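Straight from TrEMBL, the features:
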- 115-221: domain 'Glycosyltransferase RgtA/B/C/D-like' (DOMAIN)
- 7-25: transmembrane segment (TRANSMEM)
- 116-133: transmembrane segment (TRANSMEM)
- 140-160: transmembrane segment (TRANSMEM)
- 166-184: transmembrane segment (TRANSMEM)
- 191-224: transmembrane segment (TRANSMEM)
- 250-272: transmembrane segment (TRANSMEM)
- 378-397: transmembrane segment (TRANSMEM)
- 409-433: transmembrane segment (TRANSMEM)
- 445-465: transmembrane segment (TRANSMEM)
- 486-506: transmembrane segment (TRANSMEM)
Amino acid sequence: MIKLQSFLQYFFLGIIVLFSFLLMLNSSMKEAAIMDELAHIPAGYGYVKYFDFRLNPEHPPLVKALAAFPLLFQDLKFPTDKSAWQSEINGQWAAGAQFLYESGNDADKIIRWSRVGPMILTLILIIFIYFWSKELIGRWWAYLPTFMFAISPAVLAHGHYVTTDLAAALGIFIATYYFVKLLIEPSQKHLIFAGLAFGLAQLMKFSAVLLIPFFLFLIVVLYIWKIHNEWADTAFWARPKKFFIRALRYLKNIALVFIIGYALVYAVYFIFTINYPIEKQYSDTKFILGSFAGEPDLKLETCKISSNIPVARRVRCLAEVNIWMSGNKIFRPMAEYMLGVLMVMQRSSGGNTGYFLGEVSAAGWWYYFPTVFALKEALPSLILIFTGLVLTLWHIGKRIISRGSKLTMLFDYIGTHFPEFSMISFVIFYWIYSIKSPLNIGFRHILPTVPFIYILTASAIKKWFNYDIVFEGKNILREFFNMTGKIMKMSAGGLMLTLLLIWYLLETLTVSPHFLSYFNQLGGGLWGGYKYVTDSNYDWGQDLKYLENFVNENKIQRIAVDYFGGGSARYYFGQKAEYWGSSRGNPSDYGINWIAISVNSLQGATGKLHEGQLRDPKDEYRWLQKIKNIHNPDAKAGTSIFIYKLK
């Protein structure tokens, strides 16, 4: 019986993993390169083929290197003779276009094989979600968060692209798992795994640096709980020594976690910078950080503790240290890592011009991520999450009333549910960070919190199922009503849960393979979500091959194309494509009777400008709005490219 249960456990998990993989693979085969892949794929190839990190330093190497590894077994031409590689500073976009579309390579084959690595990482995360959930809520309930994650449209979309967002979710999830393990069950094994997992997270995405303050927070909380729990049982004279030694042990462990992690980071960057000329690394770093926190500080005034300089300017010291490190043979691997961190800091503070709720702005909106989550998360999933939240608050309120002390209840909860507390803390911490950031470019930036949200949801629902309804009265009647109430609750709850999961599955299947453009019914659905928000939420350039099919099926000889993405219209349909923009006017004046516009570009050109935002009237497609309803195109390529017949 035990063997059968074990077999069924892995069998059902395997079915979920395989199903998720097939959905991602099907979508991948039909899509063109998205915008970020144009930079990530050539960068990764440069790392694994030439051990040179000159491209795309603003993202860590692991995902890109893993994506490019299968390309080593293909006979490919890489543009090392072009200026984008030889002399330009981070010429990632030009190098990407040359590598994929202008060197005689099979772009579709490169893209297909490059996406295998990211899909594998996504499947690994699905498996990890199951096994941590199994430890917390049991083997059968663990299927709930696993299933929710595996068929999430957002996961299926970003899980097959050569980007760092799902990898960040994997790295943060595994690092948190092993760090919590280390805190609960200290051992050399857990220490090593926690350190390696922390290092892997740093190599996935730079936002993983947030694990540093998060881990410190967890250690402080656990330390305080230990003091509270053991204070009364420890002799007065023994308390200082005992708790001081414990503090040193915690500090030693977290220091070793960081040391092991960054030793791994150093080793990986060392390999991928071996053939990056140190002179070029130094000059590239100096140029890229030239405007970081103001102008260069040649006298290092920002590094002097005694200098009376504002904090916003003082961080310039980091750039000066980074520039110096990039010219040192010993420190230059870490300098390249640090360069990426500083580039992310600079970009995050500067924001990104985007379209959201009818408005175009680079300032960002504090309510961006809550709104996007509400519009893009499937409704059955939102219902489950909301139900789990309500049940959790009800459970906490009930315990506060029964215990009488909020502090005692909190300490009891931390002691008995520390993994759950860690997950809740991370979700709150990461969401606060995301909401405060002006860099609003997509649901993908909160993906690292999704596994934790699903596990917490499943845990809350399980507790409700296990909660007994108790009736008072005579023994026989009480037992009868208790049993009847439990059966009714289990039946009704089980039926509702089953219906919600079937609905969730149908949502995913009906939008396949257009997972990136998925919006729930509140957000206009698959075809109307662009009215609320675009960019990587809806249009990342994935539908160019659908446009190729449309051009060929309709025997179109020439078509104007205003395309946003990582594909190449000329590569897919040759001289039939004429690159266009609003400022060039009506293509029909030049004998071109069709125009295709990426909806991301269209919304950016026609959306209402936020106060202080500027846009040239020539770039607003006013001529098109006079002759067409831009929201009612004559055809669509996929979901995100609007096609208009001009004559």
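Just so you know, glycine gets a Cβ as well, placed from its N, Cα and C.
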Listed stretch, out of 140-160, 191-224, 250-272, 378-397, 445-465, that has the most CB pairs under 8 angstroms to the transmembrane segment (166-184):
191-224
Would you say the transmembrane segment (191-224) and the transmembrane segment (409-433) are touching, if the rule is that at least three C-beta pairs must lie under 8 angstroms and be 6 or more residues apart?
yes
Does the chain bring the transmembrane segment (378-397) near the transmembrane segment (191-224), so that three or more CB pairs sit under 8 Å (pairs 6 or more apart in sequence)?
no
Averaged pLDDT, computed only over the residues in the domain 'Glycosyltransferase RgtA/B/C/D-like' (115-221):
97
Which stretch from 7-25, 116-133, 140-160, 191-224, 250-272 shares the most C-beta pairs under 8 Å with the transmembrane segment (445-465)?
140-160
Check the transmembrane segment (7-25) against the transmembrane segment (191-224) for contact, please; criterion is three or more CB pairs under 8 Å, pairs 6 or more apart in sequence.
no
Residue counts (helix, strand, coil, in that order) that DSSP gives for the domain 'Glycosyltransferase RgtA/B/C/D-like' (115-221):
89 helix, 0 strand, 18 coil
